[in-house]
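*Asks:* Look at Swiss-Prot and you will find ARG22, GLU79, LYS119, LYS453 tagged as (6S)-5-formyl-5,6,7,8-tetrahydrofolate binding site, backed by sequence analysis. What Swiss-Prot records for 215-376 is domain 'TrmE-type G'. Positions annotated as K(+) binding site by Swiss-Prot: ASN225, THR244, ILE246, THR249. The GTP binding site annotation in Swiss-Prot covers 225-230, 244-250, 269-272, 334-337. Among the features that Swiss-Prot reports, Mg(2+) binding site is placed at SER229, THR250.
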Amino acid sequence: MTTDTIVAQATAPGRGGVGIIRISGDKASNVAMAVLGHLPKTRYADYCDFKSASGQVIDQGIALFFKGPNSFTGEDVLELQGHGGQIVLDMLIKRVMEVGGIRIAKPGEFSEQAFMNDKLDLTQAEAIADLIDATCEQAAKSALQSLQGEFSKEVHELVDQVTNLRLYVEAAIDFPDEEVDFLSDGKIANALYKIIDKLDLVQASAKQGSIIREGMKVVIAGRPNAGKSSLLNALAGKESAIVTEIAGTTRDVLREHIHLDGMPLHIIDTAGLRDTTDTVEQIGIERAWNEINSADRVLFMVDGTTTAAVDPHAIWPDFVDRLPSNLGVTVIRNKADLTGEDLMMTEEQGYSVYRISAKTGLGVEELKQHLKSLMGYQSNLEGGFIARRRHLEALELAAGHLQLGKEQLEVYLAGELLAEELRMCQLALSEITGRFTSDDLLGKIFSSFCIGK
């Protein structure tokens, strides 16, 4: 592809020991001749002077030249590595611009060039930004896995399987004499079921990767005066919510964003759930349910002094029955300082149950470890791949088309409609890696990158 020659500072703005200027495009060699007086040997570090148009030395440092397509962007690339003073770097960029036909790079444009030149796919390009923005070791490991192609590999395997099945179905439709009763002999059904199972696994991994990157939304819910606001304060490490003995003190949604060992956690404190005629409180309860329905996890707060039950169905069946079927729930028996309960975690009917005292902090550290575990924190293991919300949406869309295709096969034996659903599934998956992606989406993704990346 033909691209502009672009330049940008690749290191962070400000004062530092080393500053790097990156140039990419067909005029990179012209810059080398103008600024260095010669073209460095490809892929070799060359210590030399960086000179102005009049021959004065601007700085001294190392020059690296990469001949396209054997470079990060796929274009000719020149890197000038000098001293990290911002004034010096600005002077050097100004000198590069004097060569002519060169412009300042837009945010993420070097990565965009690499994507357009097939040096990496879209998930790998996004992983560069995620690696830079990682807030914990787990996120960095996961981003690196994506950069190395782990996520792309999973998606490509799915695309290949869907494509092969689609071609088989279409061929059998076009040449019916070659395949008798091909829709009912079980071959297509078995292949389709395997793809659905594979996609389920990828979706689960992507959801975990998204939580590591974007954080987990945890909603604290329960009856009034169960200690929800006290737990919010204990997790946040500060007095974010007003705590009183008066039931219904919290009437609106309170939010805190914290990090557990660098992993982002979005905690939502909600109004106590109960039947009430108070209009303001009713609005707060409605907002509480809105937050619950969009949560990744619910901490069901129970006042341990009011019941000895641990099974949430026994504690409050109407509340549990109203929860989304796929929403994870952790039961928190609060006020252990008053009940004298042992601070231990138990499993009850598939629910994790923790005994704590939000007021004194007893058991809160164990609860934090539980939340870290839910977010995929692993202290000694390599991370899985990282994922973004758009990836989850594309996977969900692909899964929907597979389910529709399954219905066309099992209920209607409609080969043409099955093939169409497989085609739509293929398109949804290909959007993840950027094989079929709108220019608007590409612009949105790369514009969020750092300049110089």
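Glycine is treated like the rest: Cβ placed from N, Cα and C.
Any idea what these are sitting next to in the structure?
*Replies:* Around GLU79 ((6S)-5-formyl-5,6,7,8-tetrahydrofolate binding site), the same-chain residues at least 6 positions away in sequence with a Cβ under 8 Å from its Cβ are ALA10, ILE20, ILE21, ARG22, ILE23, ALA63, LEU64, PHE65, PHE66. Reduced to three states, the DSSP call for GLU79 ((6S)-5-formyl-5,6,7,8-tetrahydrofolate binding site) is strand.
For the domain 'TrmE-type G' (215-376), the model's pLDDT averages out at 88.
DSSP gives ASN225 (K(+) binding site) a coil state; it is part of no helix or strand.
Cβ neighbours within 10 Å of SER229 (Mg(2+) binding site), excluding its own Cβ and spanning all shown chains: 24.
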*Asks:* What is the number of other Cβ atoms found within 10 Å of the Cβ of LYS335 (GTP binding site)?
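*Replies:* LYS335 (GTP binding site): 22 neighbouring Cβ atoms within 10 Å.
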*Asks:* Mind giving me a neighbour count for ASN225 (K(+) binding site)? Other Cβ atoms within 10 Å of its Cβ, every protein chain shown.
*Replies:* 22
*Asks:* Mind checking which of ARG22, LYS119, LYS228 has the fewest other CB atoms within 10 A of its CB? They're the binding-site residues.
*Replies:* LYS119
*Asks:* Reduce the DSSP letter at ARG22 ((6S)-5-formyl-5,6,7,8-tetrahydrofolate binding site) to three states and note it down.
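*Replies:* In the DSSP reduction, ARG22 ((6S)-5-formyl-5,6,7,8-tetrahydrofolate binding site) maps to strand.
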*Asks:* State the Cα to Cα distance, in Å, between ALA271 (GTP binding site) and LYS119 ((6S)-5-formyl-5,6,7,8-tetrahydrofolate binding site), rounded to an integer.
*Replies:* 51
